[in-house]
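S.K.: The structure that follows is given in the form of C-alpha cells.
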Amino acid sequence: MRIILLGAPGAGKGTQAQFIMEKYGIPQISTGDMLRAAIKAGTELGKQAKAVIDAGQLVSDEIILGLIKERIAQEDCAKGFLLDGFPRTIPQADGLKEMGVAVDYVIEFDVADDVIVERMAGRRAHLPSGRTYHVVYNPPKVEGKDDVTGEDLVVRDDDKEETVRARLGVYHSQTAPLIEYYGKEAAEGNTKYLKFDGTKQVAQVSADIEKALA
C-alpha cells in the first residue's frame, strides 16, 4: 500500500500518518529524515546533499528522488510506505512517476484556512518539557500556565497567525496544484484519490480512512 498524504500545514496529516503506519505496518518516509540519515551515513547522495546545504542552497529534486528510490528499495517498504511532505510540486510528482513509483492512494485532508489559523494560533507551549495546549481544544488548568510546573506558556513563532498564513500561501501556490494533478491520475485509473474532512474529530477521520482503505 503506497500512500501520499496531501493537506495544508495544520490539517492533521501528522496525526493520521501515525494511525496509518500503526494500522497497516508501513513506514512513513520523510524527506527531512532521509536527508539527515544520508548525510550522517556519508552516502554518495548524502555527500551531494551536504555540499548543497552547506552552500545555503535548496536540495534538488534529483537528489531527493534518488534518496526516495534508495529508501523504498529497503525491506521495510516491501508492503508499502507513506510519503508525507513529498511531492510538493508538479515536477516532483512527475519525477516519481518517471521513476516508476506506483501510488495506490492519494489522501487529501481538507480544512479551510481560517480553521487552520484558529487551530495553530490557539496553541500554547511549555518549551522546557515540550508539552502543548490549545486555548479552545485542550486548555491548561490555569490560563497561560503549564499544568505540571506552573511556568508560563508561550506561542511558538511557527504558530503565530502571520507565520501560519504565510505557510498557507506557499502551500496554495506550490502544493495545491497537486490536488488537480492526482485527480487526473485517478480519473485515468493510475491511483485512487480519497478526500477527507479534516475538521472532524481525529478518531472519526481515522475511522473514515480505515473504511476507505478496506
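Going from the start of the chain as shown, residues are counted 1 onward.
Positions of Cβ are set from backbone N, Cα and C atoms, glycine also.
The ATP binding site annotation in Swiss-Prot covers GLY10, ALA11, GLY12, LYS13, GLY14, THR15, ARG123, THR132, TYR133, LYS200 and rests on sequence analysis. Taken from Swiss-Prot, the feature AMP binding site applies to THR31, ARG36, GLN57, LEU58, VAL59, GLY85, PHE86, PRO87, ARG88, GLN92, ARG156, ARG167. Annotation comment: Swiss-Prot describes 30-59 as region 'NMP'. Sequence annotations record features per position, and here Swiss-Prot assigns region 'LID' to 122-159 based on sequence analysis.
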S.K.: How far is it from THR31 (AMP binding site) to GLY14 (ATP binding site), counting Cα to Cα, in Å?
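M.R.: The Cα atom of THR31 (AMP binding site) is 14 Å away from the Cα atom of GLY14 (ATP binding site).
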S.K.: When the number of other CB atoms within 10 A of each residue's CB is tallied over all shown chains, which of the binding-site residues GLY10, GLY12, GLY14 has the maximum?
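M.R.: Within the set of binding-site residues, the most crowded position is GLY10.
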S.K.: Report the nearest neighbour of PHE86 (AMP binding site) in space among the binding-site residues GLY10, GLY12, GLY14, ARG123, TYR133, comparing Cα positions.
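M.R.: Comparing Cα positions, the closest of these binding-site residues turns out to be GLY14.
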S.K.: Need the DSSP three-state call for TYR133 (ATP binding site) to compare against my parser.
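M.R.: Note: TYR133 (ATP binding site) is in a strand by DSSP.
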S.K.: Going by C-alpha positions, which of the binding-site residues (GLY10, GLY12, GLY14, ARG123, TYR133) is nearest ARG156 (AMP binding site)?
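M.R.: Its closest listed neighbour, by Cα, is ARG123.
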S.K.: Give the mean pLDDT for the region 'NMP' (30-59) on the 0 to 100 scale.
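M.R.: Value for the region 'NMP' (30-59), mean pLDDT as a whole number: 90.
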S.K.: Which one is closest to ARG123 (ATP binding site) in space, judged by CA to CA distance, out of the binding-site residues GLN57, VAL59, ARG88?
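M.R.: Closest candidate to ARG123 (ATP binding site), judged by Cα separation, is ARG88.
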S.K.: Could you state the whole-number distance in Å separating the C-alpha atoms of VAL59 (AMP binding site) and GLY12 (ATP binding site)?
M.R.: 26
S.K.: How far apart, in angstrom, are the most distant Cα atoms among the AMP-binding residues THR31, ARG36, GLN57, LEU58, VAL59, GLY85, PHE86, PRO87, ARG88, GLN92, ARG156, ARG167?
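M.R.: Maximum Cα-Cα distance: 31 Å.
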S.K.: How far apart, in Å, are the two Cα atoms that lie farthest from each other among GLY10, ALA11, GLY12, LYS13, GLY14, THR15, ARG123, THR132, TYR133, LYS200, the residues recorded as binding ATP?
M.R.: 20
S.K.: Hey, of the binding-site residues listed (ARG123, ARG156), which one tops the CB count within 10 A?
M.R.: ARG123
S.K.: Could you tell me the C-alpha distance between GLY14 (ATP binding site) and GLN57 (AMP binding site) in angstrom, no decimals?
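M.R.: The Cα atom of GLY14 (ATP binding site) is 27 Å away from the Cα atom of GLN57 (AMP binding site).
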